[in-house]
Amino acid sequence: MGLHLGLIDYGMGNLHSVEKAFNRLGHQPSRVVNPSDLDGCDALVLPGVGSFDPAIDNLQSTGLIPDLKRWNEADRPLLGICLGLQLLFESSAEGRLEGLGLIKGHVERLPIGAGARIPHMGWAPLDLRRANPMLAAADPLAWVYFVHSYAAVPERPETLAAAASFGSSSVTAMVWQRRLGACQFHPEKSSDSGSAMLKRWLDWLQRGAPIG
């Protein structure tokens, strides 16, 4: 039996490009627009493009927030992408609403004095800090595509899975916490590197999403 992926549709995600990326890997995600759509899902993908507060507002309107928290408490796989990563944290300097709080920490604006233009837009190599279901230490250097003005700051250092350079600073590129992971970059727009990472995540799910 194949994996049943749920793609959370709350009106602010780049759903079409994410769907196409999974289609190329032989998977057809189902769109999740309300709690009943979670039935039968093996793993969830939370994409996102836009601003923090409108995204939280939209998620609240779907009624999915309590279910996403229960999903995480049950240690079930979830992958956040771009704004989807930021929503996993407790709060953001971009807005006033509470985040999902699935990962301890906050989202802050990229540093103005780092000698780089905001938004951070374009390709950058990943600095792997901890092997995870999307990226292993033996993998080739991964160049990935970013578009963002804010970056997460995890409270626990071990949550940081990969970083990227932003001028003279280093910012969060990936986080991982048991079966909950996320990337600030867009794997669906990151050519072969992004496709390889999504495939690795799918293979991990097929193996039962082992921890460690």
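Each Cβ is built from the backbone N, Cα and C atoms, and glycine gets one as well.
Annotation comment: Swiss-Prot describes 4-211 as domain 'Glutamine amidotransferase type-1'.
The Cβ neighbour count for C82 (active site, nucleophile), using a 10 Å radius and every protein chain shown, is 27. In the three-state DSSP classification, C82 (active site, nucleophile) falls within coil. The annotation active site, nucleophile is assigned in Swiss-Prot to C82 on the grounds of similarity to another entry.
Close to H186 (active site) in the fold, though at least 6 residues off in sequence, lie N14, S17, I81, C82, V144, Y145, F146, V147, G194, each with a CB less than 8 Å from its CB. The active site annotation in Swiss-Prot covers H186 (among others).
Marked as active site by Swiss-Prot on the basis of similarity to another entry: E188 (among others). Its Cβ placed at the centre, E188 (active site) has 24 other Cβ atoms within 10 Å.
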Model confidence over the domain 'Glutamine amidotransferase type-1' (4-211), averaged pLDDT: 96
